[in-house]
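Noted in Swiss-Prot for the protein shown:
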ACT_SITE  Glu57  active site, proton donor
BINDING   His55, Cys80, Cys89  Zn(2+) binding site
BINDING   Ala159, Trp175, Thr201, Asp205, Ser230, Gly302, Thr303, Thr304, Leu305, His306, Thr307, Ser308  NADP(+) binding site
BINDING   Ser173, Arg189, Leu209, Arg212, Glu300  substrate binding site
DOMAIN    6-128  domain 'CMP/dCMP-type deaminase'
REGION    1-150  region 'Deaminase'
REGION    151-376  region 'Reductase'
Amino acid sequence: MEDFSEQQLFFMRRAIEIGEKGRITAPPNPWVGCVVVQENRIIGEGFHAYAGGPHAEELAIQNASMPISGSDVYVSLEPCSHFGSCPPCANLLIKHKVSRVFVALVDPDPKVAGQGIAMLRQAGIQVYVGIGESEAQASLQPYLYQRTHNFPWTILKSAASVDGQVADSQGKSQWITCPEARHDVGKLRAESQAILVGSRTVLSDDPWLTARQPQGMLYPKQPLRVVLDSRGSVPPTSKVFDKTSPTLYVTTERCPENYIKVLDSLDVPVLLTESTPSGVDLHKVYEYLAQKKILQVLVEGGTTLHTSLLKERFVNSLVLYSGPMILGDQKRPLVGVLGNLLESASPLTLKSSQILGNSLKVVWEISPQVFEPIRN
């Protein structure tokens, strides 16, 4: 393992930071940042903003204030080595005769997978790998997981009262948390490419499930709303079927044919699966999302869906918001019966906690040996 200086770590952390600017718009590509340094001074920066657009390295070179020959380049993910919508970034760095390249992470995508690093070294460029590795892994976690497992990273998000109730006695769950927490949820939605919701939540709250900025404006890229409804119980007039964001309706043979025709007239695509004891076939849903190269799935309820996903081991992370209220025993828990005894309960790792206004956000991660999905 290389020993890197604090200054070198600073430059890599800057590359990771600017890479986050593409977090919402870059998927299914990774949100990569690049910094060009000459004589310990940043002369160029760039990040990958959208699929099909210029890569971080190309933009950093374009934005450089002087020729970059002999410079050091810091990039949060291995430069690509293949021809796609853009030429290989490794070739670009070779062409501009950079001196050294610092890479936080090897790209697990089979199209790259160390080949970019090999190309640079074959051209006589010094390459150092692993600087800022943990920070880059945290930033690119959904991308890394999807490219490694060919499966989306799944976050179960919920808002609950201090005493753990996710809804009141009438089943209403909106406005449990403060505005600051709801703004954070809007960003979390924007960072996801799909939102899963069960029919009961739609019937109770009639949510939009759109990703909105604090000022109320929509984020430039909206997630796919995936409505799971095995019997056709969600009214076609529900807000999730409006044109603000794309929607996928998932159902079973129990759904009336006339209902599907109505959705067809609204241009809402329908995915038919076999019936299961918990409703729709979640494995078929995830197969569909994997085919669409969805990197991150956000689950927004309700209790039945949460329970099914945890039992089937689809959930990787929990994001829990606690609101400033006590609802009492409403029989509205976050999760239903899992059948766990204390000694066999899923181990969680606390990743972070944050005060948002008058609410508390806590992020937990389920241990890797637990969250590998059970494949049919």
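Any Cβ shown, glycine's included, is placed from N, Cα and C.
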Can you tell me how far the Cα of Thr201 (NADP(+) binding site) sits from the Cα of Glu300 (substrate binding site), in Å?
8
According to DSSP, does Ser230 (NADP(+) binding site) sit in a helix, a strand, or coil?
coil
List of residues, in chain order, with Cβ under 8 A from that of Cys89 (Zn(2+) binding site) and at least 6 apart:
His55, Ala56, Glu57, Glu58, Val75, Pro79, Cys80, Gly116
Please report how many Å separate the Cα atom of Arg212 (substrate binding site) from that of Thr303 (NADP(+) binding site), as a whole number.
24
For the Zn(2+) site given as His55, Cys80, Cys89, which other residues of the same chain have their Cβ within 8 Å of the site's Cβ centre?
Val32, Ala56, Glu57, Glu58, Pro79, Cys86, Pro87, Pro88, Ala90, Leu92, Gly116
Using Cα coordinates, what distance in whole Å links Leu305 (NADP(+) binding site) and Leu209 (substrate binding site)?
16
For the region 'Deaminase' (1-150), jot down how many residues DSSP puts in helix, in strand and in coil.
55 helix, 25 strand, 70 coil
Going by DSSP, is Leu209 (substrate binding site) part of a helix, a strand, or coil?
coil
Neighbouring binding-site residues, C-alpha within 10 angstroms of Ala159 (NADP(+) binding site) - of Arg189, Leu209, Glu300:
Glu300
Per-region confidence, the region 'Deaminase' (1-150) (mean pLDDT, whole number):
93
Of all the binding-site residues given, His55, Arg189, Arg212, which residue's CB has the most CB neighbours within 10 A?
His55
Using the alpha carbons only, what distance in Å do you get between Leu209 (substrate binding site) and Thr303 (NADP(+) binding site) once rounded?
17
Inter-residue C-alpha distance, Thr303 (NADP(+) binding site) and Arg189 (substrate binding site) (nearest angstrom):
19
